[in-house]
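First up is the structure itself, then whatever we jot down about it.
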Protein chains: 2
Amino acid sequence: MARIVQTFSGGMDSATLLRYLSRGGHELRTIGFDYGQRHKKELQFASKMAADLGVPYTIVSLDSLTCLLSESALTNADVAVPDGHYAEESMKITVVPNRNMIMLAVAIGYAENLHYDAVAIANHTGDHTIYPDCRPAFVEALDVAARLATYGGIRVLSPFKHISKTEIVAIGNAIGVDYRDTWSCYKGGDEHCGTCGTCVERQEALDEAGGVAVPAALDQVSAAMNEALT
Amino acid sequence: MARIVQTFSGGMDSATLLRYLSRGGHELRTIGFDYGQRHKKELQFASKMAADLGVPYTIVSLDSLTCLLSESALTNADVAVPDGHYAEESMKITVVPNRNMIMLAVAIGYAENLHYDAVAIANHTGDHTIYPDCRPAFVEALDVAARLATYGGIRVLSPFKHISKTEIVAIGNAIGVDYRDTWSCYKGGDEHCGTCGTCVERQEALDEAGGVAVPAALDQVSAAMNEALT
């Protein structure tokens, strides 16, 4: 049992991670970030899911950063959200510079303030192609930095770093995540658009999750947990 | 010549660093942070110094983090700022959890957005005793993480990491920093209180700077610059 602050966007990956950690009996807090993203409605989904699990959720406003991180289609209303697949070069425009380090840095400060043990993030193998700050090497480097920066030796957990989004959804199905409670679409309209990168990935994962060997995926997750916590 | 975003609080250390980098011909931007600190007036001092050097300065509001990082005397009005010397155990109450990682993470995102090369921070040997996120090992670990997190391979420069505050002031005196333009006091009153940890350090550095061998200190600074930029 550990005491963990999880970054929680309200998407499929972080919803699965929250349920996984909750079932593990860990003491949890969650934080979400309002950084001027178009799809701010994800935070409402996150808030409801956290409440359903009885986990405190805090939304941190990073509004004043929007102008500093203005190149991304997610934060700049003048840049269109591209359609297509995550792996494509065109999807680079959805990268918010250094987003994960900023969010994790805040989560680490919060964890230190609470005298908690760790922070957790739901990055996975499918993110790696275009988001440099989702790669295992980055999260592991930040884990080293976090232990050095804090009296409590805060750890950075990245339990999904070696599995795919499809494997995440297969695990979620097995542990009772209802993906209708999650929000993915970058365009933030009334319904999921079905064509932006994150919608394409979402549908692909939902369609293919049935073919995954869940116990093997869970082994990878628990190995990643143990590696960081010991 | 590099393009650098410097974190700039308006204190003696960052004022000296800004002048040093400015004299080095680097292209510069500076950012300061409003994180609910008592001594918010430091930001006015920073703003004026940056303007004097013709360097753009942006203040980022992290106000919504105050409640998450509430244990520190700097952000919690109910906790008194202790008097005494930095090296003392009592001074731990002035630590804002993970402050430097949070500030550097934002600066790194800003640098990536600008297609800059690096960020810079003015931590020095005197900070190390009580502020874990001022230690060279932390800044070096974050440098590794920053290169991995960004397309531009942003570097984290920490030119003063091997010199003391007294050496910083000696360098500042040699390159024309007027320390009356800087603000240190944690209490943020009309005048420097003269008794809080940062005031005691400030006076000590001003008193002892005359005894420093400036060329040797400058050699250490330029070695730290070169190490990180190459």
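Cβ atoms here come from the backbone N, Cα and C positions, even for glycine.
So that you can see what the record holds, here are the features copied from TrEMBL:
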{"type": "BINDING", "residues": "A:Phe8, A:Ser9, A:Gly10, A:Gly11, A:Met12, A:Asp13, A:Ser14, A:Ala15, A:Thr16, A:Leu17, A:Leu18", "note": "ATP binding site"}
{"type": "BINDING", "residues": "A:Cys185, A:Cys193, A:Cys196, A:Cys199", "note": "Zn(2+) binding site"}
Indicate whether A:Met12 (ATP binding site) is helix, strand or coil by DSSP. helix
I'd like to know which of these binding-site residues, A:Ser14, A:Thr16, is least surrounded, judged by other CB atoms within 10 A. A:Ser14
For a quick check of understanding: among the binding-site residues A:Met12, A:Cys193, A:Cys199, which residue's Cβ has the most other Cβ atoms within 10 Å? A:Met12
Output field, ATP shell: CB within 8 Å of site CB centroid, site A:Phe8, A:Ser9, A:Gly10, A:Gly11, A:Met12, A:Asp13, A:Ser14, A:Ala15, A:Thr16, A:Leu17, A:Leu18 dropped: A:Ala46, A:Met49, A:Ala122, A:Thr182
Does DSSP give A:Cys185 (Zn(2+) binding site) helix, strand or coil? coil
On a C-alpha basis, identify the one among A:Cys185, A:Cys193, A:Cys196, A:Cys199 that is nearest to A:Gly10 (ATP binding site); the candidates are the binding-site residues. A:Cys185
DSSP secondary structure for A:Leu18 (ATP binding site), reduced to helix/strand/coil, please. helix
Output, ordered by sequence, the same-chain residues six or more apart from A:Cys185 (Zn(2+) binding site) with a CB under 8 Å from its CB, or 'none'. A:His39, A:Glu191, A:His192, A:Cys193, A:Cys196, A:Thr198, A:Cys199, A:Arg202
